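Straight from TrEMBL, here's the annotation block:
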type	residues	note
TRANSMEM	25-50	transmembrane segment
DOMAIN	41-290	domain 'G-protein coupled receptors family 1 profile'
TRANSMEM	99-120	transmembrane segment
TRANSMEM	140-164	transmembrane segment
TRANSMEM	201-226	transmembrane segment
TRANSMEM	238-261	transmembrane segment
TRANSMEM	273-292	transmembrane segment
Amino acid sequence: MPRNNQTEITEILLLGFQNLQNLRILLFISILIIYIISLAGNIVIITLISTLRRLHTPMYTFLGLLSSSEIISTTNIVPNMLVVIAADGSVMPFTACLSQFYIFSALTNTECFLLTMMSYDRYLAICHPLRYNSIMNSKLCLQLIIWSWVLGFTITLIILVNLLSTGNFCGPNTINHFFCDLAPILKLSCSDMSLIEIQALLFSVPVIIIPFIFIVGSYIFIAFTIMKITSTTGRKKTFSTCSSHLATVCTYYGTLISVYLVPSTENSPNVKVVSFLYVIVTPLLNPIVYSLRNQDIRSAITKSILKS
């Protein structure tokens, strides 16, 4: 029997999409194109926000950090995912697998908090416009940003430390997925991981459920405020200031809840499909949504193109 706290697995095998062997080349090219477009789109948003003074507002600061988080998150997964697809499965060190899980999970938590901060910003701007500048000042904005990142990484660190301190990873060393997530990693342990599963579920309350309820509540108040505006033009203009964020929230939380809060069997193809949407497609939609629906971003992109 392995001693407690001893890790016997030194590397793991990611199976990827074993049932899509005939579509491997098409899948590889599609993911590569999506990844490049996603990187380019998020880099453009970060560049515009950092260089244009009129975009130096809390809302766009949160958006820039969201784009930065998505760049790191996709880069953490997609390059190795392409190797998995090209080789029809790939071996990676177990430590690298744990690192991939930690970065992905921590950034997921951080993005949940950032989206919550963005909804709070829109709530103040629309429901309390006269008090907006005094409440959402640079000090509060910085504090919200720091706490979003600190809490996001700390929560995942607690799970990772408990995972390593209580688990004996003695096999099997095969993960039927295209990246290292918590549930597949727990399957590698020959110890009882029920406490870790309960802990992860409990942490989903402050990370996913409470922020989601807060966002929904914020938009209920925003909707009531918008309906009180007598001018149709005024209602459309006011709603346009938060429609991009609302679209991002719906996409992000829809896939997030489907992956982590909706029960599914271990080998269900739906797990990989929804995970694919969450990991690959959602980071692509963010720059597209903000480019197409946000007037300030569209204007900034148009001016940059004309200048060049």
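Even glycines carry a Cβ here, placed using N, Cα and C.
Could you give the neighbours, burial and distances for every feature on this list?
Same-chain residues lying 6+ beyond the ends of the transmembrane segment (25-50) with a Cβ under 8 Å from its Cβ atoms: 17, 56, 60-61, 63-64, 67-68, 70-71, 74-75, 78, 81-82, 85-86, 280-281, 283-284, 286-288, 290-291, 297, 300-301, 304.
For the transmembrane segment (99-120), the list of distant contacts is 59, 62-63, 65-66, 69-70, 72-73, 76-77, 80, 92, 144-145, 147-149, 151-153, 155-157, 159-160, 179-182, 185, 207-208, 211, 214-215, 218-219, 245, 248-249, 252-253, 256, 279: same-chain residues at least six beyond its ends, Cβ to Cβ under 8 Å.
Taking Cβ pairs closer than 8 Å, the transmembrane segment (238-261) reaches residues 59, 66, 108, 111-112, 115, 118-119, 122, 125-126, 204, 208, 212, 215, 219, 222, 225-226, 229, 271, 274-275, 277-278, 282, 285-286, 289-290, 293-295 in its own chain, all 6 or more past its ends.
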In the predicted model, what is the mean pLDDT computed over the domain 'G-protein coupled receptors family 1 profile' (41-290)?
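Here the mean pLDDT over the domain 'G-protein coupled receptors family 1 profile' (41-290) amounts to 86.
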Take the transmembrane segment (273-292) and find every residue of the same chain, 6 or more past its ends, with a Cβ under 8 Å from one of its Cβ atoms.
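Sequence-distant neighbours of the transmembrane segment (273-292): 31, 34-35, 37-38, 41-42, 44-45, 63, 66-67, 70-71, 73-74, 77-78, 104, 177-179, 181, 244, 247-248, 251-252, 255-256, 258-259, 298, 301.
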